[in-house]
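These features come from Swiss-Prot:
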ACT_SITE  E482  active site, proton donor
CARBOHYD  N42  N-linked glycosylation site
CARBOHYD  N82  N-linked glycosylation site
CARBOHYD  N250  N-linked glycosylation site
CARBOHYD  N285  N-linked glycosylation site
CARBOHYD  N319  N-linked glycosylation site
CARBOHYD  N329  N-linked glycosylation site
CARBOHYD  N350  N-linked glycosylation site
CARBOHYD  N553  N-linked glycosylation site
CARBOHYD  N612  N-linked glycosylation site
CARBOHYD  N743  N-linked glycosylation site
CARBOHYD  N796  N-linked glycosylation site
SIGNAL    1-23  signal peptide
Amino acid sequence: MRALPTTATTLLGVLFFPSASRSQYVRDLGTEQWTLSSATLNRTVPAQFPSQVHMDLLREGIIDEPYNDLNDFNLRWIADANWTYTSGKIEGLGEDYESTWLVFDGLDTFASISFCGQFVGATDNQFRQYMFDVSSILKACPEEPTLGIQFGSAPNIVDAIAQDPSSPTWPEGVQITYEYPNRWFMRKEQSDFGWDWGPAFAPAGPWKPGYVVQLKQAAPVYVRNTDLDIYRLGQINYLPPDQTQPWVVNASLDYLGSLPENPSMAIEVKDLQSGEILASRPLTNITVTEGSVTGVTVLEGVDPKLWWPQGLGDQNLYNVTISVTDGGNQSVAEVTKRTGFRTIFLNQRNITDAQLAQGIAPGANWHFEVNGHEFYAKGSNLIPPDCFWTRVTEDTMTRLFDAVVAGNQNMLRVWSSGAYLHDYIYDLADEKGILLCSEFQFSDALYPTDDAFLENVAAEVVYNVRRVNHHPSLALWAGGNEIESLMLLLVEAADPESYPFYVGEYEKMYISLFLPLVYENTRSISYSPSSTTEGYLDIDLSAPVPMAERYSNTTEGEYYGDTDHYNYDASIAFDYGTYPVGRFANEFGFHSMPSLQTWQQALTDPADLTFNSSVVMLRNHHYPAGGLMTDNYHNTVARHGRNDPGRAGLLPDAQHSVRPRGQLQRLVPRDPALPGGPLQVTNPVLPAGQRAARTPARVPVLAARGHLAGALVGGDRVRRPLEGPHYVARDIYKPVIVSPFWNYTTGALDIYVTSDLWTAAAGSVTLTWRDLSGKPIASNGGLPTKPLPFHVGALNSTRLYRMNMKQQPLPRHEDAILALELTATGSLPNTDEEVTFTHEQWFTPAFPKDLDLVNLRVRVEYDAPLGKFAVEATAGVALYTWLEHPEGVVGYFEENSFVVVPGQKKVVGFVVQADETDGEWVHDVTVRSLWDLNEGE
């Protein structure tokens with residue numbers, strides 16, 4: 001069930017022409033006939049609304065799929081042109097309405113609007129809702145009106161702004177250009193101008209719905225936005241809420257029209273599943289400001305079922321109906337929003353004496369607490385699922401979020417920039433228990449801070465904070481991506497004398513402006529001025545800068561904020577001394593090649609399916625070109641050279657493949673295999689609840705951006721196969737795991753057990769050395785032959801065993817693999833039932849390139865009665881065994897990138913999300929392993 005976005009009368013207005021009896025009429029602009037034109041195109045074509053120019057041109061056959069081949073370059077003429085959307089005659093608008101408005105939920109980006117041939121207004125912010133009063137224009141219009149929206153070329157407009165002598169400039173080398181320059185002058189999706197993971201199409205168009213709204217005096221108002229804030233009594237954004245306090249419901253409606261004097265407000269809270277009415281009562285402290293009405297109530301004696309992230313409990317949801325009435329109890333407005341009761345708090349407070357006594361490292365916290373409970377954040381970074389939002393569907397996001405849940409993830413960081421997510425995406429996250437750490441759309445740049453710019457972005461922030469605040473999946477607002485952790489460092493290096501000035505500019509917008517705007521519109525959500533910080537020293541809401549950031553005021557041996565780490569030098573990937581230590585891993589990763597199936601969707605010429613083809617190389621945007629050049633070979637070669645695991649001596653080298661396509665086919669599963677090591681132990685740091693030791697214990701982690709990142713191919717990106725990191729993360733995101741932590745520089749190998757349960761767990765781990773033919777190694781290589789018992793505390797890790805591989809009595813490290821098999825008992829969060837947990841890990845004491853791999857004779861067969869796939873290796877241990885499904889089916893394997901030992905059959909299921917083969921795809925599933933990197937084709 002979806003939340004009703006507006007009142008029932010508003011919805012009826014979309015379906016019927018106005019009549020004398022109806023006091024409000026709303027017409028969806030998507031029902032009109034639209035055309036698209038441009039002097040560059042020299043023709044007019046049919047269009048849709050909402051839409052974007054590229055999508056209308058694609059539908060009409062003017063261009064082919066933008067993601068194909070090098071269309072990133074070939075279609076730049078679209079971004080360089082101005083485009084006009086023109087409606088047909090809008091018939092049937094009423095003449096007896098006092099006011100007529102145009103309401104646009106999203107115009108991308110620089111638009112000039114005309115109605116009945118008259119200029120109405122202009123827009124310059126993709127992320128704002130715009131309203132224009134066209135009452136006088138309509139009354140003077142001699143015929144049925146038409147609506148025109150002209151979109152200017154964003155690249156040309158920001159270039160002109162940059163050339164204006166009054167525009168700000170920054171020290172040389174600070175601002176980061178990916179393809180189109182000057183993106184910091186526009187309030188538009190920053191990745192539209194290119195990023196290191198995707199193309200630069202710079203789309204334009206009416207990307208969200210629009211309406212004609214007609215109102216009568218002293219009649220129901222049109223609700224254009226709603227802020228529903230649910231929190232504990234006394235809750236403050238930056239302090240942990242008292243879970244014993246009753247719930248507070250604060251409801252605010254933004255409207256068009258005129259409210260009667262002394263309006264009343266009330267709410268009804270209904271259980272979505274049972275239909276039971278939990279509460280029905282009036283709101284108090286009614287305040288009316290320009291265009292908004294707000295009221296509040298305390299739900300004394302009301303005990304709703306809590307909403308929990310997936311894996312921690314149920315996703316209990318409620319419909320809250322907010323009504324506004326006049327003195328005669330006549331309805332003025334009514335809105336229903338689906339929501340949940342939960343508290344979510346980002347704890348950045350100093351480590352307490354009690355925590356120190358538990359062995360927690362000193363410094364400051366950086367972790368989330370839901371309903372008063374600390375928990376491990378397990379997830380990914382979410383970048384735009386498509387460069388063109390108008391073709392992202394609910395089905396698209398459902399499949400993506402189903403994969404998130406199947407991957408044992410409970411949180412996504414909504415990376416900026418990106419765009420603010422549509423409401424239906426938050427709805428899906430509410431249903432599936434996925435927390436969404438959201439950010440304001442500022443990324444990897446310094447931005448203007450003049451009054452006009454700040455006024456523009458303030459309206460953007462307020463609108464979006466209020467719009468999504470009712471969603472229980474909303475976990476955080478951050479000011480932007482890497483502003484503090486990267487941009488301030490760059491400006492300090494480029495111009496040390498000006499550094500204090502730019503710190504002041506940063507604080508002016510992200511702290512002094514944004515923090516109060518967040519706190520004024522929500523009591524339930526925490527705020528951080530940047531995605532990655534060292535946390536704050538103090539908060540004083542009466543100070544000019546209300547949050548005093550820590551910056552570099554750190555003490556050695558203490559740990560503070562979250563980390564953001566990229567190092568593409570594969571030769572030091574397992575030197576864990578190179579990794580940062582913090583409380584939370586916010587973003588990290590290792591670039592990898594997509595699957596061959598993905599490449600086949602994007603490349604129309606099979607001859608381009610080679611590792612070093614110009615198309616493959618130029619589609620790799622890391623390192624970015626830094627401009628509009630179309631020959632970025634130097635940077636792409638530099639990236640491949642540094643983080644190619646084969647060249648770094650980690651994996652077998654597939655460069656010798658006889659046939660170019662075979663070379664590519666062997667390279668593409670290789671990179672996803674590598675994170676099977678680093679992903680488990682990247683960012684070995686200490687969250688609250690862990691001991692003060694440098695361990696691989698599970699950090700609250702938003703994992704490598706590559707998990708869900710990248711609008712690389714296909715309009716429906718999630719139709720492509722899931723890559724290796726998703727499956728590796730799924731495995732290590734299980735509730736209780738065993739991890740080998742090997743520092744190859746010292747030889748130390750530590751075996752840890754990590755639990756994200758809220759109570760202690762106990763069990764045992766069996767360690768077994770085998771050679772690569774699968775046979776046990778004599779005397780178990782010096783390890784105990786009996787299972788090793790363990791007891792691990794809540795949200796904690798315990799070191800089970802320590803050895804030094806340089807002293808371990810193994811015949812040959814190149815012919816050895818260690819199996820780690822865990823069995824444990826414990827209780828899942830919010831349950832008392834005892835559950836048995838199992839987990840399996842593997843470790844090789846030599847890099848895969850140096851292993852004595854044998855011809856495994858690995859095979860896969862479909863077991864029809866079971867509906868699953870059986871994988872066997874008859875001649876040797878199959879490392880990083882990889883199942884791949886053919887085209888024509890969409891879904892994911894329940895496991896992948898696993899180890900198969902001779903004599904042990906691996907049975908793997910597959911979740912089908914869409915099937916165009918009538919089930920025949922099961923006969924074309926293929927299997928490969930690390931051995932295949934040694935083989936030519």
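Including glycine, each Cβ sits where the backbone N, Cα and C put it.
Rounded to a whole value, the Cα-Cα separation of N329 (N-linked glycosylation site) and N285 (N-linked glycosylation site) is 18 Å. Each residue contributes its Cα atom, and for N796 (N-linked glycosylation site) and N743 (N-linked glycosylation site) those atoms are 21 Å apart. Rounded to a whole number, the C-alpha distance linking N612 (N-linked glycosylation site) with E482 (active site, proton donor) is 32 angstrom.
Of the listed glycosylation sites, namely N82, N285, N319, the sparsest Cβ surroundings within 10 Å are found at N285.
According to DSSP, N42 (N-linked glycosylation site) is assigned to coil rather than to any helix or strand. Recorded residues N319 (N-linked glycosylation site) and N250 (N-linked glycosylation site) have their alpha carbons 14 Å apart, per Cα-Cα distance.
Mapped onto three states, the DSSP output places N350 (N-linked glycosylation site) in strand.
Between the residue listed as 'active site, proton donor' and N250 (N-linked glycosylation site), the C-alpha separation comes to 33 Å. With respect to their backbone Cα atoms, N285 (N-linked glycosylation site) and N350 (N-linked glycosylation site) stand 36 Å from each other. Ranking the glycosylation sites N42, N612 by how many Cβ atoms sit within 10 Å of each one's Cβ puts N612 at the top. In terms of C-alpha distance, the listed glycosylation sites N42, N250, N553, N743 place N553 closest to N350 (N-linked glycosylation site). Cβ-based neighbour count (10 Å, all protein chains) for the residue listed as 'active site, proton donor' stands at 23.
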